[in-house]
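In Swiss-Prot this protein carries:
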type	residues	note
BINDING	TYR31, CYS51, CYS54, HIS55	heme binding site
SIGNAL	1-30	signal peptide
TRANSMEM	280-300	transmembrane segment
Amino acid sequence: MATNKFFKSLLFTLTIAISSFGFCVENSSAYPVFAQQGYSNPRAANGKLACANCHLNQKAIEIEAPQGVLPNSVFEIEIKVPYDVNRQQISADGKPADLNVGGILILPKGFKLASKTQISPEVKAKNKGVFISPYSTEFDNILVVGPIAGKTHQELIFPVVAPDPENNPDVKYLTYPFYAGGNRGRGQVYPTGERSNINSFGATQGGQITEITTTEKGESKITIVNSDGATTSQTLSAGLKLLVKQGDIVKQDQPLNIDPNVGGFGQEESEIVLQSSSRILGYLAFCFCLLLTQVLLVLKKKQYEKVQAAELNF
């Protein structure tokens with residue numbers, strides 16, 4: 001167990017370092033790899049992916065994958081994470097920033113990330129600067145990527161190599177389900193359980209707002225006095241746009257700021273067939289026999305019609 005935890009921590013550190021080297025991403029919480037630290041398996045029994053625990057807003061994604069693959073073949077699974085590239089999010093320091101994207105792909109056991117020598121030059125060019133890693137040493141069939149710049153990577157391409165049932169007895173020629181998730185933007189909850197500044201914050205008590213001040217860091221300090229004269233102060237993070245002003249009467253839990261969340265997480269599932277080349281050849285041979293039989297029947301019919309015509313003429 002201790003060895004597995006060490007490798008998970010090491011893999012997490014390397015992923016962060018290489019991703020940061022590839023892209024200068026400012027104060028992002030769009031790390032699918034954060035799930036590696038808190039979840040041994042990112043997919044719960046009910047099918048929910050761990051990423052949805054931090055990215056509370058739902059946004060659609062799309063999956064593009066071949067319907068069937070042959071053993072030892074290399075193919076691509078593409079996760080599309082669309083969003084309006086003109087929109088910006090609030091970074092951790094309250095400044096506007098472009099959205100980042102991340103993705104997770106849960107493949108059937110036996111399927112795994114293709115090696116560099118197996119990846120085509122076209123895919124290498126598309127994935128330049130993108131680091132895809134296995135979820136852990138235990139689950140090399142689960143791949144994660146991110147955070148990466150969303151403007152240039154709304155399509156996440158995962159090069160995958162199919163297993164060979166001849167070499168792996170646990171793999172059969174079957175139809176397998178696989179699962180994908182993709183997020184854009186920062187999450188609303190940190191892995192520690194704390195809320196990020198990508199949230200709508202409610203009043204801690206009802207009453208009148210007697211004062212709103214701005215701190216040196218750009219934070220908004222709101223003072224509320226209730227009907228009993230009790231005073232509370234709330235500090236909202238910099239960059240949040242207030243919905244209230246001094247003198248307003250608010251109820252408890254009433255939103256004090258506009259919801260700044262412009263991102264979200266989505267998950268989808270699909271199927272892929274691991275096909276046997278011998279079965280495909282057998283099917284083609286069967287189709288050829290059917291075609292040949294049909295041709296012979298047509299020729300025989302024409303021959304019979306000629307014989308009948310000759311007898312009538314006679």
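Every residue gets a Cβ built from N, Cα and C, even glycine.
Look at CYS54 (heme binding site): DSSP puts it in coil. Fewest other C-beta atoms within 10 angstroms, among the binding-site residues CYS51, CYS54, are seen around CYS54. Every protein chain considered, the tally of other Cβ atoms within 10 Å of the Cβ of HIS55 (heme binding site) stands at 28.
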